[in-house]
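Swiss-Prot lists His83, His182 with the feature heme b b562 binding site. Marked as heme b b566 binding site by Swiss-Prot on the basis of similarity to another entry: His97, His196. Feature annotation from Swiss-Prot assigns ubiquinone binding site to His201. The feature transmembrane segment is assigned by Swiss-Prot to 33-53, 77-98, 113-133, 178-198, 226-246, 288-308, 320-340, 347-367.
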Amino acid sequence: MTNIRKTHPLMKIINHSFIDLPTPSNISAWWNFGSLLGFCLIVQIMTGLFLAMHYTSDTTTAFSSVAHICRDVNYGWLIRYMHANGASLFFICLYLHVGRGMYYGSYLSYETWNIGILLLLAVMATAFMGYVLPWGQMSFWGATVITNLLSAIPYIGASLVEWIWGGFSVDKATLTRFFAFHFVLPFIIMALAMIHLLFLHESGSNNPSGLMSDSDKVPFHPYYTIKDILGLILLTLFFMILVLFSPDILGDPDNYTPANPLITPPHIKPEWYFLFAYAILRSIPNKLGGVLALVFSILILVLLPLLHMSKQRSMAFRPLTQCLFWILAADLLTLTWIGGQPVEYPFIAIGQLASILYFLLILFMMPLTSLMEDKLLKW
């Protein structure tokens, strides 16, 4: 008799995705981040659901409702810190996942890559709106500054900002709509993740060598289920150490002060995972130019398949491009550091240089080096 997992309509889908899925035999730990991101999303949805049961999206009570969750709700402090630090963990996994895709040429699976970019943008939007909800000082001023960037759009900018605010400043209407969107977006992300997987399983996984692996596939279970479980255990260990020992290390102390429209914090900055983009935004003196650079710093990922000049898919056997890739990684860390610094010398100059280098590396240096490597290999 045929196994039920191969005949039952629902089990069949799970079977083809997680059990009998033909997987390259040589994929490394860098391929663990997909499952870790799925885990992060589930943790965020579950903790978020419990937080939403006690949270009130009103400007007068939002801050105190978060304090109430931490003080009076059973394990409320744990749920709140798991949700806040879960977002940081989500972005660590997300950036490593994208970096892996860039390194091993996964962007040549166009549909999977483009859905992935949509996922990245959706997660960024969700995280930004979630940061506004506790209604602390940085929540309020962060929301004011970032939404105000839309006013740089010619002709419709000012009207667009007021339409998003629901008034003439960030207020009750803004908070309520941000809560509504923050609640619904993770479910859209879940649907997009399923489409991401659907397209991935159409073409099959890439592998570190970048070569076709049809002749050497193994079933996903037990080989990669056990590998993913190991990744999950290590991630959970790191996560719980972060949540239980230093839950506020990645947050901003200003957010423990209730929002006050009359007092501007000395340094307005977003959460750490947006600092690289914020540094690129600040490095251009012109408002519209800064906004365009900010948007393009993420959307540049769409161009990667067009900028792939090498005859090899992966960077595994391309040492010169590898060097540039790691310079890019260091550059992004530099931008993250600069984004958290005040706007003064020498940080302005460092930020401008790092921003120029970021675009130069992706748009010119890496493609040209790829061509040069092909020439060196007499291809």
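Here the Cβ of each residue, glycine as well, is placed from N, Cα and C on the backbone.
This view paints the features noted in Swiss-Prot onto the structure.
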| residue | record | CB count, 10 Å |
| --- | --- | --- |
| His83 | heme b b562 binding site | 21 |
| His97 | heme b b566 binding site | 20 |
| His182 | heme b b562 binding site | 21 |
| His196 | heme b b566 binding site | 21 |
| His201 | ubiquinone binding site | 14 |
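The binding-site residues shown are His83, His97, His182; of these, the one with its CA atom nearest the CA of His201 (ubiquinone binding site) is His97.
The stretch in 77-98, 288-308, 347-367 that contributes the largest number of Cβ pairs under 8 Å to the transmembrane segment (33-53) is 77-98.
Each residue contributes its Cα atom, and for His196 (heme b b566 binding site) and His83 (heme b b562 binding site) those atoms are 24 Å apart. Rounded to a whole value, the Cα-Cα separation of His182 (heme b b562 binding site) and His97 (heme b b566 binding site) is 23 Å. Listed as Cβ neighbours of the transmembrane segment (113-133) (distance under 8 Å, sequence separation of 6 or more from its ends, same chain) are residues 55, 57, 62, 66, 87, 90-91, 94, 98, 101, 106-107, 139-140, 142-143, 146, 170, 174-175, 178-179, 181-182, 185-186, 188-189, 192-193, 195-196, 199, 270-271, 273-274, 298-299, 301-302, 304-305. Geometry remark: His83 (heme b b562 binding site) versus His97 (heme b b566 binding site), CA distance 21 Å. Nonlocal intrachain contacts for the transmembrane segment (347-367), taken as residues 6+ away from its ends with a CB within less than 8 angstroms of a stretch CB, comprise 279-280, 282-284, 293, 296-297, 300, 303-304, 307-309, 321, 324-325, 327-328, 331-332, 334-335, 338-339, 341.
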